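*Asks:* The following feature annotations were taken from TrEMBL:
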- 25-60: domain 'ChsH2 rubredoxin-like zinc ribbon' (DOMAIN)
- 62-119: domain 'ChsH2 C-terminal OB-fold' (DOMAIN)
Amino acid sequence: MHGTASKPGAPAAQADTRGADERYFSALSDNRFEIPQCDNCGRHHFFPRVVCPHCGSTALRWVTPSGRGTVYSTTVVRRPDGDYTVCLLDLAEGPRLMSRVVEIAPDAVHIGMPVQARIDALESGPLLVFIPLGHLA
Ligand SMILES: [Zn+2]
């Protein structure tokens, strides 16, 4: 609002320097799960950074992954108000991330289980979770 007209549809290529996590959560709150992919080496990574952890390039762009993944490891966190899982999940695109597998009993989550990403709107903000394939609501 300082006289310089910002182009609404312009690509936000420079936004990566402003904080990759900010860019990530901004997309998530729009119900979009996006991760960076490197234009130089073609690999994805997560958690988002401004420099490719594989080759050091800054030529990153944001893409929507398939959301498919498999459980690499799972831990059940026991709480009085309900147990939940903390899992390491391997995305089909390669990156490994930490999340929860929901919609089934925590004890039923097992290594190698195919899962699908879903964004849950919680009071605290959007949360990326995973549900077992076949349990799509
Ligand atoms: Zn790279």
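Using the three backbone atoms N, Cα and C, a Cβ is placed for every residue, glycine included.
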*Asks:* Under the DSSP assignment, what numbers of helix, strand and coil residues are found in the domain 'ChsH2 C-terminal OB-fold' (62-119)?
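*Replies:* Counting residues by DSSP class gives 3 helix, 31 strand, 24 coil.
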*Asks:* What does DSSP give as the helix, strand and coil breakdown of the domain 'ChsH2 rubredoxin-like zinc ribbon' (25-60)?
*Replies:* 5 helix, 6 strand, 25 coil
